[in-house]
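Student: I'd like to ask some things about the structure below.
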Amino acid sequence: MPVESGSSAAARQAKQKRKSHSLSIRRTNSTEQERSGLQREMLEGQDSKLPLSLRSNLLDLFGQIEREFENLYIENMELRREIETLNDRLAAEGQTIDGGDLAKGALKTKASHSTSQLSQKLKTTYKASTSKIVSSFKATTSRAVCQLVREYVGHRDGIWDLSVTRSQPVVLGTASADHTAMLWSIETGKCLLKYMGHQGSVNSIKFHPTEQMALTASGDQTAHIWRYMVQLPTPQPVADISQAPCEDDVDFSDKDEADCDAEGPNDCPSVRTAATTLRSHQGVVIAADWLVGGKQVVTASWDRAANLYDVETSELVHSLTGHDQELTHCCTHPTQRLVVTSSRDTTFRLWDFRDPSIHSVNVFQGHTDTVTSAVFTVGDNVVSGSDDRTVKVWDLKNMRSPIATIRTDSAVNRISVSVNQRIIALPHDNRQVRLFDMSGVRLARLPRSNRQGHRRMVCCSAWCEDNNSCNLFSCGFDRQAIGWNINIAALLQEK
């Protein structure tokens, strides 16, 4: 009569255990409906201030978590039994083998190796399952506190930059590679004005602190200051497009871009002449900004220099040189005469014009790739973003090293920091927009799916503190700008 080998017996036992595991899973699934009904009856009998729909959603989520951990517990018990069986079999084989301590040592090594593999498998299973649960829960939470409100469609090429006016009327401005800048009604999404004075890509747009004037920088090697007058239309009811099913990382066909061309605003009034043209650069002007007070502006160029101009006379006041490669961005402090310029040479520089007789400069060397932008906060901080996939927060009083570092999975473009809550909005090359606090803690990721969000690289973000419907804007190379409503109170409470 043939004798069953140890390996075939172990295989038979494993098969029986898998069968029993399958039966236990089926038993678990068969009681889900009864358990769900019982939980819902308990839910209706409880006294809570939460809406019933929200409570039901939370109950479903926690039910999913319970089922996942129940399955993991069963798998854990089976793996433990397999480990014990393996150890018993190896110990039995060790008793029948002659060869002294050497053979025993080899068997111990084999058993240890097998046990280690099973242990690693167990850890991996736990991590993967719990990570999936937590990620789905975070995604649901992010959609609750970050909602897409409106899309601003009309440009015929990618949008590099956007900004919101700091005085009434509050409008949104966008700068595009289609050689135009547009002003939009935030509430209705209607184009109010189109500026067509540049001969090249419009790379940035910033508004005067108090007057109805805009400053744009262009690939035609100039910066323009132009005046605008707009009348806000009557707000229309907001269509709720934030409830679309979320499916991350969905590719889009060229049909989407064709639709954008068809929806362009044809009846939008236009301005074709600048009030002031600033000409001193020998290369593309990539960015420009107003100094505090609005009497001077600073421009940044690919000719490796930043220029300071007098607005009234349009004369060049200072040429700020020192960067080794092309500049990528410039920003001014909201209350002090400070300028920060960033460059492809992996550095950004702080220029101090508070003392008319002394113009000091400090060099920040904390990144390993192009610094795409560096911006001031209301306090004494600078936040810098880079193609090295990091964002760093710096203290102006101690510039030797950053006080916080944010590491991401994609290059970071033109960032912005909210004035009141000091939340950093990071636009990424991978079509995502993420929110962090000043200490580097991630707060949320803006929803992105096949029905909403950006379809191409996100180039810029901008906060708006004075609007109830939209308080964050983003733009990208999918030719659209998006207005978001961020429930900041809920966001900070979840942190």
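Using the three backbone atoms N, Cα and C, a Cβ is placed for every residue, glycine included.
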Student: Looking at 62-96, 237-271, 342-376, which one is coiled coil according to TrEMBL?
Tutor: 62-96
Student: Take the repeat 'WD' (278-319) and count its residues per DSSP category (helix H/G/I, strand E/B, coil), listing them in that order.
Tutor: 0 helix, 23 strand, 19 coil
Student: I need to check the long-range neighbours of the repeat 'WD' (278-319): which residues 6 or more away from its ends have a CB within less than 8 Å of a CB in the stretch?
Tutor: 161, 200, 203-204, 206-211, 213, 215-219, 221-225, 325-337, 339, 341, 343, 351, 353, 359
